[in-house]
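Participant: Under the heading compositional bias 'Basic and acidic residues', TrEMBL lists 13-29. Annotation comment: TrEMBL describes 1-29 as region 'Disordered'. TrEMBL lists 47-68, 156-173, 179-197, 255-274, 286-303, 309-332, 344-365, 417-436, 461-478, 484-506, 518-537 with the feature transmembrane segment.
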Amino acid sequence: GPTIALRQRKKPKSSENKESAKEENIKDTPIPERAPKHVLFQRFAKFFIGCLAAVTSGMMYALYLSAYHERKFWFSNRQELEREITFQGDSAIYYSYYKDMLKAPSFERGVYELTHNNRTVSLKTINAVQQMSLYPELIASVLYQATGGNEIIEPVYFYIGIVFGLQGIYVTALFVTSWLMSGTWLAGMLTVAWFIINRVDTTRIEYSIPLRENWALPYFACQVAALTGYLKSNLNTYAERFCYLLMSASTYTFMMMWEYSHYLLFLQAISLFLLDSFSLEQSDKVYGILKVYISYLFLGYLLQFENPALLVSPLLSLVAALMLAKCLQLNVKKGTFVAKMIKVMNFYLVCTLTVTFNIVVKMFVPHKENGHMLKFLEVKFGLNMTKNFTMNWLLCQESLQAPSQDFFLRLTQSSLLPFYVLVLIICFLSMMQVIFRRINGKSVKETVTLKDGQIGGRPEIIYHVIYTILLGSLAMVIEGLKYLWTPYVCMLAAFGVCSPELWMTLFKWLRLRTVHPILLALILSMAVPTIIGFSLWKEFFPRLMTELSELQEFYDPDTVELMTWIKRQAPIAAVFAGSPQLMGAIKLCTGWMVTSLPLYNDDDLLKRNENIYQIYSKRSAEDIYKILTSYKANYLIVEDAICNEVGTMRGCRVKDLLDIANGHVVCEEGDKLAYSKYGRFCHEVKINYSPYVNYFTRVYWNRSYFVYKINTVISFQS
């Protein structure tokens, strides 16, 4: 009898035994009791107040941006031409195509004219939608006409209103992310406060509204919020599906809005790969996200006119390598020597496959995109030296240099940087502690509680720590990336000081015994952010109110006079040559054709910019004439600000860079000018003597600009 019973218990192979075992387990499992009504009401009230605070924060920030923009430019009291002049550089190009779409007889005709555009740059037909990522302008024009906006609001207000609204969504998404990580909406409020106070370093919305990043980053923030929720361990099925769908939609939209989006997603994929390596129970979720990447990369490739930049992107190579490494691990029997070796060499295998895939794809896919970026990085890190004007000009741009001390000082004055460093150190050390435990084979709880004091054991925390370190490392090299990193700093710092788990982790390390650590952690997670909030309110809120009360004025009469003269006096078929930044304004304000544009993702346009900039070099009138006529230019505009530039950075003036590129300066002898039989063209052409008057005739000038008509019939003599 006992022997038979023992054998039956050892041998649960039949289906009947399995079903009976399941029934016993179901019976043995205690049914979770429903929470009392007052607890459910508290949860609902907390959720409702948090959502209300998140939406209100976003709306208030959007209204603040609108009010500040109105005060800064006195926008409503300006004429249309003066409003358009406020769009500088490449921002002017983006808005000009929005205007072109509104003028088109139909949406289809407008899209065709943008994809086969030969009315912007002389002697060049471009696909403006692909080259400049004009999907935001297409969407804005459709919405403006579909909603009957032409009867309610002016086009410029509708355009900037959408961008300001997206910035409100940006802030709301950061709020939600910090809330999800900390468990309290107080962290979201602190995130928004730090974001607005440090807005000089968190966003460029005040200076260039139509920039691609201002359209794209709100969607990326939504993607990060959805990803944070998706990675949480204690998530129910419906919430997990919602987060996955939201993450998928925002990933695709982000990819379509910005040509450099796949680089940010590449960093995200690296973070997820490391998360998978450190947190094995998240493997299925991580590879679900990788499927989203690879699906939308190919979909984006098709809808972006077969954009080769997506196929040769490092993101696609990394995702393909991770998928292949996953298949190798699954197809090898677990526990074998080969399986153990593949697991140990997983990191090396993925890196090798990523580089191999990228090289192979570039061999078969013709691409020219962003080739200058690699050359720039080589010069930036001292791997190469060059006298090339374009490379040196890019190196001199403030956004492409290392962050200044003022940047760190501003973050410290607002108390953001100290708390961020504290939170990052605690989370990183806790993460490393959990990783070492897993490497040593010690069991780790799947669900981390407050009493455990292991903030680094949560998958979403591991992901954010890795990602902020990767992004911060790049921001320490290139200052322009601070607009991607600093919002992350605001979110992570606010989460940390408002999280009882972080304080509990610290107390567990300190072995605090005098006071109950859980109680103290709960108190500090409320008290510290409250103190920070009151100090920020006292110091910075009056400044924000002062900015809104001060009525500033954007005054640029010389540019207004120049644009007015072009619209009244220049022939419709005329082509203008000058600095790329000014050409963007001319394209927007007048609609006339130009020789170059302030865009840096096309080799031909970069070469054009360098050639046109020769008007500020020490070249002969004949050389400049040949350059301009090769691009069919009819008018030349010389800017006094560039010709007589007094640069703050040594050797970074346009004319200095041209002298280096043309061999007109000897760097070894202390920037001593070498002999040249020609003077600087922009100075010489103003004197009106031969041979300059034979090639160029001055037709208009003011304090800032000199316009010359390029003569058509000239006989060259050697």
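Every residue, even glycine, has its Cβ placed from backbone N, Cα and C.
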Participant: Give the nonlocal contacts of the transmembrane segment (156-173) in its own chain as ranges (CB under 8 Å, at least six residues past its ends).
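Facilitator: Apart from its flanks, the transmembrane segment (156-173) reaches 54-55, 57-59, 61-62, 65-66, 69, 80, 83-84, 95, 98, 140, 143-144, 149, 192, 195-196, 203, 205, 209-210, 214-215, 217-218, 221-222, 224-225, 487.
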Participant: Most CB pairs under 8 Å with the transmembrane segment (461-478): which of 47-68, 255-274, 286-303, 518-537?
Facilitator: 255-274
Participant: List, by number or range, the same-chain residues at least 6 past the transmembrane segment (309-332) whose CB is under 8 A from its CB atoms?
Facilitator: 259, 262-263, 265-266, 269-270, 273, 287, 290, 293-294, 297, 300-301, 338-339, 342-343, 346, 349-358, 361-362, 365, 367, 369-370
Participant: Name the range, of those listed as 179-197, 286-303, 417-436, that has the largest tally of Cβ pairs under 8 Å with the transmembrane segment (47-68).
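Facilitator: Looking only at 179-197, 286-303, 417-436, the most contacts with the transmembrane segment (47-68) come from 179-197.
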Participant: Which listed range (179-197, 286-303, 417-436) shows the maximal number of Cβ pairs under 8 Å with respect to the transmembrane segment (518-537)?
Facilitator: 179-197
Participant: Between the transmembrane segment (484-506) and the transmembrane segment (179-197), do 3 or more CB pairs sit under 8 angstroms, pairs being 6 or more residues apart?
Facilitator: yes
Participant: So which residues does the transmembrane segment (255-274) touch in its own chain, when a touch means Cβ under 8 Å and the partner is 6 or more beyond its ends?
Facilitator: 133, 135-136, 212-213, 215-216, 219-220, 227, 286, 289-290, 293, 296-297, 300, 303-304, 309-310, 313-316, 318-319, 322, 350, 462-463, 466-467, 470-471, 474, 484, 601
